[in-house]
Ligand SMILES: Nc1nc2c(ncn2[C@@H]2O[C@H](COP(=O)(O)OP(=O)(O)OP(=O)(O)O)[C@@H](O)[C@H]2O)c(=O)[nH]1
Ligand SMILES: [Mg+2]
């Protein structure tokens, strides 16, 4: 899905944004209050289990995890499942694994539940950690050794560390888009794709070239998709009907297309991976 930079013609010489304006956004509002309740429930269930299987998104392997797991890591055997690997750019998988090892996470399994890829690695990993003397109550998932799964609803951290982390979580579809703002989120997606030189969106929407201006991209997307609306504009000489692009609809399509993997795999934590030194193995 990666296009050579020069192949884009018009994009040659374009300077992509170095940063995304993060100020003035109330990230606390993006994450619903019922999460705290879910967390409490999960905490009480921890007593019942022999092993924690934490499922996180492989597109953000190094950020946005719930700190609860970090607090309980020393107490319970723990497997980190990084799912949706089909949507993640894992060219630097070894570096990611080393980074996680540096944080004390030794049991990491990358999975794709749609294709069943690596899913069968989970039970042997758990068995290796707890032996076969598990004591669960419902949701048997394995006969030999007898193993039960206690599922919980997904819960986000009660406090999101930074706006950028919030935007990454939102891109992965963990919060309602309208709370962040579909156009803001689409802009963060465009910023990320351009910085990573992932120009699949140009080809997907048949755009003239890569572009870092979200209004211009959404306008072209809206026209391509026929998502335009007639708006009456009052002028001195009377009402005039003008065709206006439906920016929110275009933003929604851009986000959905990305989440379906049609714009190519992405590593949203590339910045974290580049920034922090990897601990010596
Ligand atoms: N592309 C892709 N999609 C996946 C994968 N695994 C699950 N999904 C999709 O992700 C969505 C959420 O899946 P769920 O199984 O409901 O996730 P969950 O973590 O149990 O969600 P909650 O219980 O609501 O927290 C569904 O649309 C799945 O089809 C995967 O490996 N790759
Ligand atoms: Mg679920």
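A Cβ is built for glycine as well, from the same backbone N, Cα and C atoms used for every other residue.
Heads up, TrEMBL stuff is auto-annotated, nobody curated it.
Just so it is clear, the model here is predicted, and its values are computed rather than measured.
Listed in TrEMBL:
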- 83, 84, 85, 86, 154: GTP binding site (BINDING)
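What TrEMBL annotates, mapped onto the structure for a quick look.
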| residue | record | Cβ neighbours (10 Å) |
| --- | --- | --- |
| 83 | GTP binding site | 21 |
| 84 | GTP binding site | 22 |
| 85 | GTP binding site | 24 |
| 86 | GTP binding site | 16 |
| 154 | GTP binding site | 11 |
